[in-house]
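K.L.:
For 73-95, 129-147, 168-190, 228-246, 252-273, 307-330, 336-356, 368-389, 420-439, the entry in TrEMBL reads transmembrane segment.
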């Protein structure tokens, strides 16, 4: 499938398009999602983008900035709703576990590192709960940084024409998700077990998906996935995580791998064609015609990708995901939530790599401060994984047998390797968010007609 170059577009940038809803939208814009997606020009927009050999941001940033701002806040509202209705039952459940343990004295209810578990009050393992304070404090710090940054972007007229459209509601959602990761990870460590691990990992999924959506949203502000669709996908992921804990058999893994590979294929097509492609008879007919024309112009032209750099990067990402899929189908990892988290995190890293490479291929640059944040994030991630893999418990054993994996405290005679993982992973996530916040600062005064879409 190829794009047809518009003859009216000038060299180096696309033709000027009419901005949708610049003055007609009142200041009191509703946050109802349907008001933003039912726009008369939506179908026309897709046709316009399909007529661009290389679309620019001016083609995909036509909505009023106030609309995009309010729409981005839907992510924050959804995260807050999930935090309340998911977090409260979790806290209630683990408190019930702790009370049962205190009343019965049954130490086999939970997987503790008994050689480095410091009881405080009614809590049997205070240090593993307290070490999650980093997520909470750094989440609050990121929200404050985002708020201060938002105060400097109040010029709607300027933002409508220059720089990457900002979606601060998305950044606030990331900060709240980081805070909730600390709350739920602390709740999990009240009584750690395999069945409770999804409490610890759920908001990790949320943060990984929010990062990917934000990266895509940078260059596709008008056609990005809605908050409802995004969290609907996350709900399915959490459901799969729950099923994987209790029913990790061959049938489940086969179904999961099929869903996984189909999702990779669909997202690759969407990214390659910049959101312009969809499954329809018209699209299939168009692909057929393009293949026929390419074949008659030269048989090898059928195999030549329209966008070579994007194709190569997506091919590498798909090879990696296919490798994970084959590993899953042949080895059936016992800890499915960790495997699912690995998929989310690695694809987030791959998308970061794709985005940064595409910036440089399009003669953009990444500022030194962003590189510092990225370096800190990478170092924290590598060292955090080192400590994470040094297990102090084992779910493959009974709680009593798991004590053979217990180790003494290694930091201040109070924290073990898993506590250090908490500190480092919280710091790594914070720096990752800072990378996202500053990644396109080099384009802050670049006109939309000169910012390429990828």
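Cβ atoms here come from the backbone N, Cα and C positions, even for glycine.
Any idea what these are sitting next to in the structure?
P.N.:
Sequence-distant contacts of the transmembrane segment (73-95) (same chain, at least 6 residues past either end, Cβ-Cβ under 8 Å): 31, 33, 168-170, 172-173, 176-177, 180, 183-184, 187-188, 190-191, 196, 199, 202, 206, 210, 213, 226-228, 230-231.
Sequence-remote contacts of a segment are chain residues at least 6 beyond its ends whose Cβ falls under 8 Å from one of its Cβ atoms, and for the transmembrane segment (129-147) they are 123, 168, 171-172, 174-183, 185-186, 189-190, 415, 418-419, 422-423, 426-427, 429-430, 433-434, 437.
When Cβ-Cβ distances below 8 Å are used as the criterion, the transmembrane segment (168-190) is approached by residues 69-76, 78-80, 83, 86-87, 90-91, 94-95, 97-98, 110, 123-125, 128-130, 132-136, 138-140, 142-143, 146, 149-150, 153, 196-197, 199-200, 202-204, 206-207, 210-211, 213-214, 217, 422, 426, 429-430, 433, 436-437 of the same chain, each at least six residues removed from its ends.
Through the fold, the transmembrane segment (252-273) approaches residues 1, 216, 240, 243-244, 307, 310-311, 314, 317-318, 321-322, 324-325, 328-329, 332, 343 of its own chain, all at least 6 residues removed from its boundaries and within a Cβ separation under 8 Å.
Only residues 6 or more beyond the boundaries of the transmembrane segment (420-439), in the same chain, are considered here, and those with a CB under 8 A from a CB of the stretch are 128, 131-132, 134-135, 138-139, 141-142, 145-146, 149, 171, 174-175, 178, 181-182, 185, 207, 211, 214-215, 218, 352, 355-356, 366-367, 369-370, 373-374, 376-377, 380-381, 383-384, 387-388, 410-411.
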K.L.:
When you scan the chain for residues with a C-beta under 8 Å from the transmembrane segment (307-330), skipping those not six or more beyond its ends, what do you find?
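P.N.:
For the transmembrane segment (307-330), the list is 253-254, 256-257, 260-261, 264-265, 268, 271-272, 339, 342-343, 346-347, 350-351, 353-354, 357-358, 361, 454.
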K.L.:
The transmembrane segment (228-246): which same-chain residues, six or more beyond its ends, come within Cβ distance under 8 Å?
P.N.:
33, 74-75, 78, 82, 194-195, 197-198, 201-202, 205-206, 209-210, 213, 252, 256, 336-337, 339-340, 344
